[in-house]
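Participant: Pulled these features from TrEMBL for this protein:
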REGION    42-64  region 'Disordered'
COMPBIAS  45-60  compositional bias 'Low complexity'
SITE      H110  site 'Important for catalytic activity'
BINDING   H150, G199, P200, L201, G241, N270, H347, F536  thiamine diphosphate binding site
BINDING   D240, N270, I272  Mg(2+) binding site
SITE      H347  site 'Important for catalytic activity'
DOMAIN    452-624  domain 'Transketolase-like pyrimidine-binding'
ACT_SITE  E509  active site, proton donor
Amino acid sequence: MAASSSLTLSQAILAPPTSHGSNPPPSDRLFLPIFSLPTYSGLKSTPSTPSSHPTRSPTTSRRRLYSLRPVRSSAAVETLPKTDTALLEKSINTIRFLAIDAVEKANSGHPGLPMGCAPMGHILYDELMRYNPKNPYWFNRDRFVLSAGHGCMLQYALLHLAGYDSIKEEDLKGFRQWGSKTPGHPENFETPGVEVTTGPLGQGIANAVGLALAEKHLAARFNKPDSEIVDHYTYVILGDGCQMEGIANEACSLAGHWGLGKLIAFYDDNHISIDGDTEIAFTESVDTRFEGLGWHVIWVKNGNTGYDEIRAAIKEAKTVKDKPTLIKVTTTIGYGSPNKANSYSVHGSALGAKEVDATRKNLGWPYEPFHVPEDVKKYFLINVLAFFSHIGIGAAMSLRVLLLKLSGMLNLPNMRRNIKEEASELKSIISGELPAGWEKALPTYTPESPADATRNLSQQCLNALAKVLPGFLGGSADLASSNMTLLKMFGDFQKNTPEERNLRFGVREHGMGAICNGIAHHTPGLIPYCATFFVFTDYMRAAIRISALSEAGVIYVMTHDSIGLGEDGPTHQPIEHLASFRAMPNILMLRPADGNETAGAYKVAILNRKRPSILALSRQKLPQLPGTSVEGVEKGGYIVSDNSSGNKPDVILIGTGSELEIASKAADELRKEGKAVRLVSFISWELFDEQSNAYKESVLPEAVTARVSIEAGTTFGWEKIVGTKGKAIGIDRFGASAPAGKIYKEFGITAEAVVAAAKALC
Ligand SMILES: Cc1ncc(C[n+]2csc(CCOP(=O)(O)OP(=O)(O)O)c2C)c(N)n1
């Protein structure tokens, strides 16, 4: 498979790092610019060079380097304390007070969680995680997800201390304000350094499962014994609220099943949620449940000051390779607040000036709001710098081994070819650049091609795409044989076969959607799809909404898209679903009518990497219609056939999906009677909306008010297309159990009904 860019992986790897804003060029994700390090004023540090300490292990090097290479403070107002622990606590308190001050200034937000989770957050960002604040998109970074997104001031404070340009002091002061990089919940599209968008509880931990899955999959495909190109952890902090949500259980069940050993979740066990003590509604044994889900479980009993306990737990978690780990960390919400700690009152409101003062006294914090003491800045950054330079060397060495292979130094010719192919695939996955000519793989159809259900035509597209898109993977929620989603050339992604690409989600629609969001956000060239019956988007709607909001280009393959599914009846027959997704911002709702439109829908979906697509597909067979096209699909609405002239048809018939055939039959009928009829396919309202006014006028001329639409779903919204003088034929009640043909007839979704409506209008 050819890569579309002229850069080889080796050139890309060797090229110098480039600067970027919030939207880095794709190749920027490859780089680990080890010599471009963050500095604060007063910090005089020379980054170490590769030759200075080539053999240190990641876990020991940071602390050792700190003691070996102290940074001299030139302008220290505060001095370095005598012990690390005292400075560590000062640094942790900095996080607490940044959260307190930001919430106080905004008079809105959630100080309790950051105050309680500051120690584990600090240890994560300062001692443990591998990341590059100067290139938040470096592809082998450890991923962090704050599933309890309401506690976002914890993450903002950590990103600030870690030296991310996205969070400066003024950003902290602008917490929750218009246009700030510090919105009310973490948003990946606003704040570099934030991996996924969290806030709806439970979504984040499920995203993290997707991130960890992606790592395991890519590592299995691309790592070699002597070059571990893909090798990172996924860390999560989740609270009681996330633990109560069903989606978390769905996703964590899969994480256990898949043996995602590099997923480490910190459960903030503080026993408080909004309504009070969790004992009013949540008394299960989370530990036992997680053990049952196949997780390794560790309990840190003192999450407030048990720093070594936290460190030991992480160390232990890392020794467990075949299971994800849940570290239950018992903390006190609002730790440090003398009158509000351990109560729901500190969960989601500002402490208030009096209590802020009391907390300052209690924790011995003499500083002004938003102050970060100089020694804290240095303390945090020294560790980041030291670790950073170490992994820079590690990554560079791994990549160099790969380069040797790429240069053909291995003497097995077939292996060399494989490695070149793999390198090109990996580059495409990391950069998000689609391989040149990928769309040519999509199947094409003529009117003579056999009639088929669009779910089957979809399967042809999925399998064609899997051959040319290295990052294409997905599956169904236990309906693969109905959704027609299996990739025939691949096996199942399982614990011991993570290199495969068929994901088996079991009956877990909500978890499936959120896991796919995580996969999509892991690396730009990973393109996840997931499937169920269209009606069950109800079960995963929250995840779909987060796809749209967080710009995750997930492809939702939704079959059994109408009453056309027949005998399963109203529980399975979507009615309001098309309209509901047309109402959702930043999502493409596509309802193809035949093979060419299905191929067109996939083309659009693959190209839209920052916008999810839903493909509504039929269970029943449909003919290949003359006049449908991929190019038409790309316009959203287009003329399929027309016997009018001068852009003045007597009537315009508009159909989508399976009803385009019905509209087409009606058009034939009306033309026989001498009418000038335009037949329009309206596969995607969103794409049509994006066309020029001139194009829209060429399809739906304003002067032609005789318009009839037909769609086997609610008529809600169609008045926008047919106008007040037109007629929308649809179904404004729940469906029924019967063979499909009978239901269509009973509900008046017929060519006769279209003909009658058209005649009444023209
Ligand atoms: C799906 C969902 N339901 C409800 C909420 C509103 N909400 C925000 S935080 C919260 C309580 C969370 O409790 P916990 O996780 O224990 O957080 P802590 O009190 O420790 O900050 C609720 C119900 C939400 N954000 N998402």
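Placement of Cβ uses the backbone N, Cα and C atoms for every residue, glycine included.
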Participant: Go through the recorded positions H110, I272, E509 and tell me which ones have a CA within 10 A of the CA of G241 (thiamine diphosphate binding site).
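Facilitator: The recorded positions passing the 10 Å Cα test are I272.
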Participant: Cα within 10 Å of D240 (Mg(2+) binding site): which of the recorded positions H150, P200, H347, E509 qualify?
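Facilitator: Within 10 Å Cα-Cα: none.
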Participant: I need the CA-to-CA distance for H150 (thiamine diphosphate binding site) versus H110 (site 'Important for catalytic activity'), whole Å please.
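Facilitator: On Cα coordinates alone, these residues lie 6 Å apart.
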Participant: Distance check, please: Cα of H110 (site 'Important for catalytic activity') against Cα of P200 (thiamine diphosphate binding site), rounded to an integer number of angstrom.
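Facilitator: About 14 Å separate the Cα atoms of these two residues.
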Participant: Drop a 10 Å sphere on every Cβ of the recorded positions D240, E509 and tell me which sphere holds the fewest other Cβ atoms.
Facilitator: D240
Participant: Hey, for the Mg(2+) site built from D240, N270, I272, who else sits with CB inside 8 A of the CB center?
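Facilitator: Everything else in range on the chain: G239, D268, D269, H271, S273, T278, I333, H347.
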Participant: Taking the Cβ of N270 (thiamine diphosphate binding site) as the centre, count every other Cβ atom within 10 Å, in any protein chain shown.
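Facilitator: For N270 (thiamine diphosphate binding site), the 10 Å Cβ neighbour count is 25.
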Participant: Helix, strand or coil: which one is F536 (thiamine diphosphate binding site) in, per DSSP?
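Facilitator: For F536 (thiamine diphosphate binding site) - judged by DSSP and reduced to three states - the answer is helix.
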Participant: Compile a sequence-ordered list of residues in the same chain as I272 (Mg(2+) binding site), six or more apart from it, whose Cβ lies below 8 A from its Cβ; state 'none' when nothing qualifies.
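Facilitator: G112, D240, T278, I333, N342, S343, Y344, H347 - these are the non-local Cβ neighbours of I272 (Mg(2+) binding site), listed in sequence order.
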Participant: What three-state secondary structure does DSSP assign to I272 (Mg(2+) binding site)?
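Facilitator: Looking at the DSSP assignment, I272 (Mg(2+) binding site) belongs to a strand.
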Participant: Which chain-mates of P200 (thiamine diphosphate binding site) that are at least 6 residues away have a CB under 8 A from its CB, listed by sequence?
Facilitator: G149, A542, I546
Participant: Taking only same-chain residues 6+ apart in sequence, whose CB is under 8 Å from that of L201 (thiamine diphosphate binding site), what do you get?
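Facilitator: Looking at Cβ-Cβ distances below 8 Å from L201 (thiamine diphosphate binding site), excluding near sequence neighbours, one finds S147, A148, G149, G239, G241, C242, M244, E245, A248.
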Participant: Which number gives the other C-beta atoms within 10 angstroms of the C-beta of G241 (thiamine diphosphate binding site), all protein chains shown included?
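Facilitator: Summing over all protein chains shown, G241 (thiamine diphosphate binding site) has 22 other Cβ atoms within 10 Å.
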Participant: Rounded to a whole angstrom, what is the largest C-alpha distance between any two of the residues H150, G199, P200, L201, G241, N270, H347, F536 that the record assigns to thiamine diphosphate?
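Facilitator: About 34 Å separates the two most distant Cα atoms.
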Participant: In sequence order, which same-chain residues at least six apart have a C-beta under 8 angstroms from F536 (thiamine diphosphate binding site)?
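Facilitator: For F536 (thiamine diphosphate binding site), the qualifying residues are A477, E509.
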Participant: Going by DSSP, give the three-state secondary structure for H110 (site 'Important for catalytic activity').
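Facilitator: For H110 (site 'Important for catalytic activity') - judged by DSSP and reduced to three states - the answer is coil.
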Participant: Given a 10 Å Cβ-Cβ cut-off, pick out the one of the recorded positions H110, H150, H347 that has the most other Cβ atoms nearby.
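Facilitator: Checking each of H110, H150, H347, the winner is H110.
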